[in-house]
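Trainee: Straight out of TrEMBL:
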- H222: active site, proton acceptor (ACT_SITE)
- P56, I57, A58, S85, Q106, Y108, T134, K198, S220, G276, R277: FMN binding site (BINDING)
- 1-323: domain 'FMN hydroxy acid dehydrogenase' (DOMAIN)
- 1-21: region 'Disordered' (REGION)
Amino acid sequence: MWHYLDGGRDTPTGRGNRAALDAHPLLPRPLAEVRGGHTRLELFGETLGHPLLLAPIAYHRLQHPDGESACAMATAAQDGQMVVSTLASQPLEQIARAAEKPLWFQLYWQGSRERTARLLERALAAGYRCIVFTVDAPVKLATSPLPADVRPVNTEPPLPRRLQPDQSEVFDGWMAEAPGWHDLAWLRERVPVPLLIKGVLHAGDAVRAVDLGCDGVVVSNHGGRVLEVAPAALSRLPDVITALGGRVPVLYDSGIDSGADAFRALALGARAVLVGRPYLWGLAAAGALGVAHVIRLLRDELEMCMALCGCATLADISADRCG
Ligand code: FNR
């Protein structure tokens, strides 16, 4: 289970994420007036206490029997937001109830429009307030065997694959079930709430997604778990932000391990960040309290960085505070 969670960190992509964040030192600005400062923000019509969202992660019950519901409770207690994975190990309605506030739902394409629509309708009926469509993982490097009592409870059984001997597992197997741009346009028409696209590194792809009606973009390389030699996600963030020119919020994901990392991504123009593995470490160590503790630690770190760099609000975190 540790291997499953940690996978991707020690790859060129994972190490690149770390190195790119570390390459941006923060510039202290003493004597600034920051009393009354805060980390609040408005995001897709909701006021959040801080910009540290929980990234969608599969199978939380691998780490703790209370699973996704524990993370949902911690999210609400810490006035944040959580993106619940398509591959959650508890019913998405149960997770929604645990949060006592509308969460966001991460959607993976389910191999066909009909199957995808069924999952989407269920998430919308359960009150999820944003849909995050992850597009960067149509091919998996490896699939780990799951223990008997942990499984993706919200998805239908996988479609049977019938490959001819001369067919490719990748092109005719995985990719035959992957979505394309036309599917994104189809999805846009069916999602009545904000729709974000997650897993974009190329500025042209980000522009195309927004042209098709996406309300937000998550710059991410999946924490180094998909293409092991992808560029550091942070290195692509400025290009995407410039290309979009403020049309929609851009969120950053991949390698955020501290409040200083969050500050760095915000300084380069991200509106909020998604945190992945660190909150699962908290879940594994101490359930809901562990997750709440991790969120609080990251938030305290972010507040300290802001105070030391002379930023009273997130809007003050500009590129000139970060080398
Ligand atoms: C993921 N990620 C992921 N993303 C997604 O959209 N749906 C998913 O089901 C999962 N599952 C998943 C499992 C595990 C164990 C990990 C570590 C990651 C990717 C995740 O949302 C996020 O992009 C990365 O975790 C961000 O990197 P850090 O913060 O973990 O470095």
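Residue 1 is the first one shown; counting continues down the chain.
Just so it is clear, glycine is given a Cβ too, placed from its N, Cα and C backbone atoms.
Any TrEMBL annotation is an automated prediction that lacks curation.
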Trainee: Helix, strand or coil: which one is A58 (FMN binding site) in, per DSSP?
Mentor: coil
Trainee: Mind checking which of H222, R277 has the fewest other CB atoms within 10 A of its CB? They're the recorded positions.
Mentor: R277
Trainee: To the nearest whole angstrom, state the Cα distance for the pair A58 (FMN binding site) and the residue listed as 'active site, proton acceptor'.
Mentor: 12
Trainee: Take the region 'Disordered' (1-21) and count its residues per DSSP category (helix H/G/I, strand E/B, coil), listing them in that order.
Mentor: 15 helix, 0 strand, 6 coil
Trainee: From the Cα of the residue listed as 'active site, proton acceptor' across to the Cα of R277 (FMN binding site), what is the distance in angstrom?
Mentor: 11
Trainee: Counting other CB atoms within 10 A of each CB, which of the binding-site residues Q106, T134, S220 comes out lowest?
Mentor: T134
Trainee: To the nearest Å, how far is the Cα of T134 (FMN binding site) from the Cα of the residue listed as 'active site, proton acceptor'?
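Mentor: On Cα coordinates alone, these residues lie 9 Å apart.
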Trainee: Give the helix, strand or coil assignment DSSP yields for R277 (FMN binding site).
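Mentor: DSSP call for R277 (FMN binding site): helix.
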Trainee: What kind of secondary structure is H222 (active site, proton acceptor) part of, going by DSSP in three states?
Mentor: helix
Trainee: Show which residues of the chain containing P56 (FMN binding site), separated from it by at least 6 in sequence, have their CB under 8 Å from its CB.
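Mentor: Looking at Cβ-Cβ distances below 8 Å from P56 (FMN binding site), excluding near sequence neighbours, one finds V83, V84, S85, T86, Q106, V132, T134, K198.
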Trainee: A58 (FMN binding site) has how many other Cβ neighbours within 10 Å of its own Cβ?
Mentor: 19
